[in-house]
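Asker: This is the structure, below, for whatever I ask next.
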Amino acid sequence: MNSFSTFTLLLLLLLPILASCHEKQVYIVYFGGHNGERALHEIEENHHSYLLSVKESEEDARSSLIYSYKHSINGFAALLTPQEASKLSELEEVVSVYKSEPRKYSLHTTRSWEFSGVEESVAPNSLRKDDLLLKARYGKDVIIGVLDSGLWPESKSFSDEGMGPIPKSWKGICQSGDAFNSSNCNKKIIGARYYIKGYEHYYGPLNRTLDYRSPRDKDGHGTHTSSTAGGKMVPNVSSIGGFASGTASGGAPLARLAMYKVCWAIPREGKEDGNTCFDEDMLAAMDDAIADGVDVISISIGTKEPQPFDQDSIAIGALHAMKKNIVVACSAGNSGPAPSTLSNTAPWIITVGASSVDRTFLSPVVLGNGKKFMGQTVTPYKLKKKMYPLVYAGEVINSNVTKDLAGQCLPGSLLPKKAKGKIVFCLRGNGTRVGKGGEVKKAGGIGYILGNSKANGAELAADAHLLPATAVDYKSAMQILNYINSTKSPVAYIVPGKTVLHSKPAPYMASFTSRGPSAVAPDILKPDITAPGLNILAAWSGGSSPTKLDIDDRVVEYNIISGTSMSCPHVGGAAALLKAIHPTWSSAAIRSALITSAGLTNNVGKQITDASGKPADPFQFGGGHFRPSKASDPGLVYDASYQDYLLFLCASGVKDLDKSFKCPKKSHSPRDLNYPSLAIPHLNGTVTVSRRLTNVGAPKSVYFASAKPPLGFSVEISPPVLSFKHVDSKRTFTITVKARSDMMDSIPKDQYVFGWYSWNDGIHNVRSPMAVKLA
């Protein structure tokens, strides 16, 4: 037999084996919760027995298991063929079987082309009210768990100076690995773990030059979010170039932190394009975090596409956390301004949008015709004070660049001989903001102006670029382009950036923040709240540069970045303060306190707007901009129990998320959940819902109802007066919403309209947003 025939025969023999290997993928098999009767080794054996029922050998069953979830979450992640997964899904005791999708989850920073931009905000201590911090003892001994990309333990934000012994309730560990051992934990960082089995199963062994195989952060994101939630107060810090100087502080500066590293660099892709976090790794982390004894979990991670609750690992893990009274805060996502883009829509999660604060980094562009356009930057580099030749990127490109991408300064698109020594004007769109500046630098450009696209509007990006640079809004960008096109020798100068406080109006909503209505549960109004997510200064990893670009070798201790990733830990920190003041409150009570006390006005006394100045609505900001000091004394709360959420799931068609709970025969509506807001997606005639309030204010109090109905609708609240005899007493009321026959013509078709209803006792104003759309 010749060698070719031998090879062919061998290939034919191997094909079925190769095919079966290829077919196998990681699936999560979810049973619900544990009832606490079994030992950990018995649980794992039980999971093995399920695998053995679909596998051919004991060895195959054992080697296919990736994680066995043994604490609160009952389930396992294993390597299965679609047929094996289907077989398991048919078993009565199995709640759901779903495939782990690579790239399904990613960190919520605005660094990708989808929406990479922003305007400025005050350091994380913007939420600080001295009386609140004192009342909460700075979050002392509350434990915040963070699922992210790891942390940089040497950061001053994680110093444990002056902190007392680790709380006795803590049961977690400090896991060793690359450049990280138990000495990297202290009385501030009390726990650190990493989860990589799902990632390595898909991508193969971790490339150790890309990331540390340990809780250490080589990205920056995890260091940033954890220091925002619970970093110590560190005076005299600033970003590179001295921007945003002042005291950096987490929301709860004396809280303890535990890092669960679940997100990793993607092989053969730039770090600036983001990383990935696998279902099975996150579920393992949440199962551990619950068992370790955390009080709050902050998760700045989400999906590009909304996921059904029984296939969403964050939602499943958060439900188990809520059962143990752990508050879970998650980012809404950065896929705005399109509607129905938000992730993390489960009602047992606090879903956080992103808005600005009152600080800008002004860096104007002066053109040769004398016109001046305000821009923003946090680049540390300056031009000599003179005019420089100005050129549009579309005029200095290689011949192979297509017309639609011509002005976007994408990798390898610029011709050095035409760009050298000039200020290059680039447009936003594809590619990252900092990456475009990197291309200008590579091509020999002396400066860089980044012009917003129409979608970005007036929201401005402030980045630590690699050369003198500034970013301008859409209107300015179009005028600069007109100047270049109508001038024989256009010139410009970029004025060095400076930090300006008390800018107005603020806050406003970031255009990248993902919007409601919820695609998964339209009867729940999401997001819940907004918090600072625009140009936030916080701690950074020494293993990453401020831009994360390959060509950037700068190292910084603090960095300014943007995204709902940054707003989520603000609410995580605020929840820790509320936990410290009210240790017996449920996670639903804490969410209610935050939503009903949130602010609707900016610092010029008008309603919060979007980045372009148009009025924003509850599908962008939920209850409004968070006000933690008001939330500490909300007067009344809308409470909800684990059983209430199961009834909500029954009403939403998810029958078996907890097998021990039988859905009632008479079906409820999902909007019957006792939530601090109201969404009616298909109003046909009249809708009446009931809500239950719990008094957490003065023992004897009387509250009066008021409403601002959505345009064209009437809202009736009954009874209109509620009296509470003591703390913890509960009262029920109904809200009846109907379209007004005399205003049918003024109600927009296929569009939501918004309103509010409130309870007021003269001290507290317990306000809830509502969104209504006709059927």
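Placement of Cβ uses the backbone N, Cα and C atoms for every residue, glycine included.
These figures come from a predicted structure and were not determined experimentally.
These came from TrEMBL, pasted as-is:
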type	residues	note
SIGNAL	1-21	signal peptide
DOMAIN	26-104	domain 'Inhibitor I9'
DOMAIN	139-622	domain 'Peptidase S8/S53'
ACT_SITE	Asp148	active site, charge relay system
REGION	213-233	region 'Disordered'
COMPBIAS	213-222	compositional bias 'Basic and acidic residues'
ACT_SITE	His221	active site, charge relay system
DOMAIN	388-480	domain 'PA'
ACT_SITE	Ser565	active site, charge relay system
DOMAIN	672-772	domain 'Subtilisin-like protease fibronectin type-III'
Asker: For the domain 'Subtilisin-like protease fibronectin type-III' (672-772), what's the model's average pLDDT?
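Answerer: Here the predicted model's pLDDT, averaged over the domain 'Subtilisin-like protease fibronectin type-III' (672-772), is 95.
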Asker: So if I exclude everything within five residues of the ends of the region 'Disordered' (213-233), which remaining residues of that chain have a CB under 8 angstroms from its CBs? That is, six or more out.
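Answerer: For the region 'Disordered' (213-233), the list is 107, 109, 124-125, 139, 144, 146, 148-153, 155-159, 161, 175-180, 184, 188, 192-194, 196, 206, 247-257, 259, 261, 263, 265, 271, 275, 296, 298, 300, 536, 538-541, 543-544, 546, 548, 559, 561, 565-566, 568-570, 572-573, 576.
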Asker: I need the CA-to-CA distance for Ser565 (active site, charge relay system) versus Asp148 (active site, charge relay system), whole Å please.
Answerer: 10
Asker: With DSSP as the reference, give the number of residues of the region 'Disordered' (213-233) in helix, strand and coil.
Answerer: 10 helix, 1 strand, 10 coil
Asker: May I ask for the distance between Asp148 (active site, charge relay system) and His221 (active site, charge relay system), taken between their Cα atoms and rounded to an integer number of Å?
Answerer: 7
